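What TrEMBL says about this protein:
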type	residues	note
DOMAIN	4-331	domain 'FAD/NAD(P)-binding'
DISULFID	C41-C46	disulfide bond
BINDING	K50, G113, D322	FAD binding site
BINDING	G191, G192, G193, P194, V195, A196, V197, E198, G280	NAD(+) binding site
DOMAIN	371-477	domain 'Pyridine nucleotide-disulphide oxidoreductase dimerisation'
Amino acid sequence: MDDFDVIVVGAGPVGENVADRARAAGLSVALVENERAGGECSYWACMPSKALLRPPAALAEARAVAGAREAAGGRLDAGAVLARRDSFVAHWDDAGQVRWVESTGAEFLRGHGRIDGPRRVTVEDARGGRRTLTARHAVAVCTGTRAKLPGLPGLARAGSGGESPDAGVRPWTNREGTSASRVPDALAVVGGGPVAVELASAWQALGSSVTLLVRGTGVLDRMEPFVGEYVTEGLRGAGVDVRLGTEAAEVARTAPDGPVSVRLRDGGELRVDEILFATGREPRTDDIGLDTVGLRPGDWLEVDDSCRVGGVRGGWLYGVGDVNHRALLTHQGKYQARIAGAAIAARAAGVPLLESDRWGAHAATADHDAVPQVVFCHPEAASVGRTAAQAEAAGLRVRAVDQDLGAVAGASLFGDDYRGRARMVVDEDRQVLVGVTFVGPGVSELLHAATVAVAAEVPVERLWHAVPAFPTMSEVWLKLLEGYRG
Ligand SMILES: Cc1cc2nc3c(=O)[nH]c(=O)nc-3n(C[C@H](O)[C@H](O)[C@H](O)COP(=O)(O)OP(=O)(O)OC[C@H]3O[C@@H](n4cnc5c(N)ncnc54)[C@H](O)[C@@H]3O)c2cc1C
Ligand SMILES: NC(=O)c1ccc[n+]([C@@H]2O[C@H](COP(=O)([O-])OP(=O)(O)OC[C@H]3O[C@@H](n4cnc5c(N)ncnc54)[C@H](O)[C@@H]3O)[C@@H](O)[C@H]2O)c1
């Protein structure tokens, strides 16, 4: 059968969830994947990076507690960490995920999906076999992103990259940075975003001497400014050579097994075994047939709040997850998948969409107002919603309240000499929180309470009645609220 209600191209976490939601609504679904079901997230991004980062965090947490510290003096066992990582990526075998997809009743097709005019998708398998599918209701593009390499002299595929890096320098991207099985003695990491910070932390902990080249004035600059300061201090404390305001100007590897030399813009030079570029992402839309429906190949897909792509006659095309550039995070893409799946099902059934309801089933409103993110370095950085500066730039009248996390009993029990900070940003006109940020060891699990407060627009007066348990780190909420009330 080559006619389906819905065709999903790309079986990363987002495509899998669009397929699942459409199946749950009783629609027939084809899910097309040209590499591995589970996508970048499962094999070369979230899961392997977190598997690499958890052992050093556990060790650092133990070493921060007198009594435990004495028992935790040894070195990280890199081989065991890499082996544990391998088990978290199922040894790069997607059989389990394919079984899960099939258990939903969706048909899983292995091959490269390309749109071929309205509501039609061709699937080309590795042997060149071709199948043409038609969609009665919707095609959802969930093809994600690949690493974007800068246009530097020495990098052959300047301006793009990802799966097949340059033959000479053989730059690492997130793929090698999460899947390598050998620890390089010296590693340069270029970038100051979450990928750079997480992978610099991980490889330093595994035994590399890491140099982090950040062209801006700080790392993680989309979060509150104090986050970058704490994280830089943590990276330096772990031994990473963090160089701010520094850019690579040229890279070269003269002998196949020799080192990479990196010429810096300020005239300096580095010699490393490998260089990892964590310089952002580009959408995988260059070869998916966008031109056959009047869109430009290589562009991010512009979508409305139901994730429907604009400018396509008949409104049958959706762009969900990283590919729409709304929030490049797995959990947010899966949220969009739940929204898009519900919208596709409603439109297929001729049920009016709850478009006027910002917080209804068919609008991914949280993408604008309440995106949570945790960067799993040491200390951890966690935020939801807007920073104070972003809120002000959006025209809100806000007040930011800060709290030293080390002054909270739960934090001082968590680790001796605990260092961390929290900020909540209150919209003074509506008396609700529009942003919350934490930085410090172990703060990741504090974040969801903040996400509930921001997404649910809980009034500050009512938060006063949400009493945190003593002596947990969550008592930071009480301190923040006391700070706000004065
Ligand atoms: C190192 C790293 C760490 C990260 N850590 C986190 C984290 O801790 N938490 C978090 O929330 N986010 C994290 N992210 C971001 C997260 O990986 C992405 O947001 C997420 O993978 C997006 O999911 P997706 O399904 O949209 O795309 P992807 O995961 O990229 O999946 C897209 C799928 O589509 C397939 N595909 C592409 N083109 C075609 C085609 N033409 N035909 C068929 N199939 C195709 C691909 O093979 C792939 O399987 C991290 C990213 C990186 C790089
Ligand atoms: N834990 C997490 O939630 C997590 C972890 C990793 C990635 N992600 C997501 O994946 C996405 C990609 O992350 P990323 O860190 O690759 O991208 P990013 O866009 O967040 O950061 C890119 C960094 O590279 C720098 N850069 C860009 N071009 C450069 C150049 N030519 N030379 C030097 N520096 C350059 C930028 O200034 C920036 O610091 C992000 O949206 C991120 O949120 C999330």
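Just so you know, glycine gets a Cβ as well, placed from its N, Cα and C.
For ligand 1, the recorded positions lying close by, meaning a CB under 6 A from one of its atoms, are C41; the full candidate list was C41, G191, G280.
If you take the Cα of C46 (disulfide bond) and the Cα of V195 (NAD(+) binding site), they are about 10 angstrom apart, rounded to a whole number. Only G193, G280 of the recorded positions listed as C46, K50, G193, G280 bring a Cβ under 6 Å of any atom of ligand 2; the order follows the sequence.
Considering other CB atoms within 10 Å as the measure, the emptiest surroundings among the disulfide-bonded residues C41, C46 are those of C46.
Each of the binding-site residues G113, G191 was scored by other CB atoms within 10 A of its CB, and the lowest score goes to G191. On the backbone, the CA of V195 (NAD(+) binding site) and the CA of K50 (FAD binding site) stand 11 Å apart. The C-beta environment of G193 (NAD(+) binding site), restricted to residues of the same chain at least 6 apart in sequence and closer than 8 Å, consists of V219, L220, R222, A278, G280. Across the domain 'Pyridine nucleotide-disulphide oxidoreductase dimerisation' (371-477), the DSSP tally of helix, strand and coil residues reads 37 helix, 34 strand, 36 coil.
Across the annotated binding residues for FAD (K50, G113, D322), the two most widely spaced Cα atoms sit 30 Å apart. Cβ-based crowding with a 10 Å cutoff singles out V197 as the top-ranked of the binding-site residues V195, V197.
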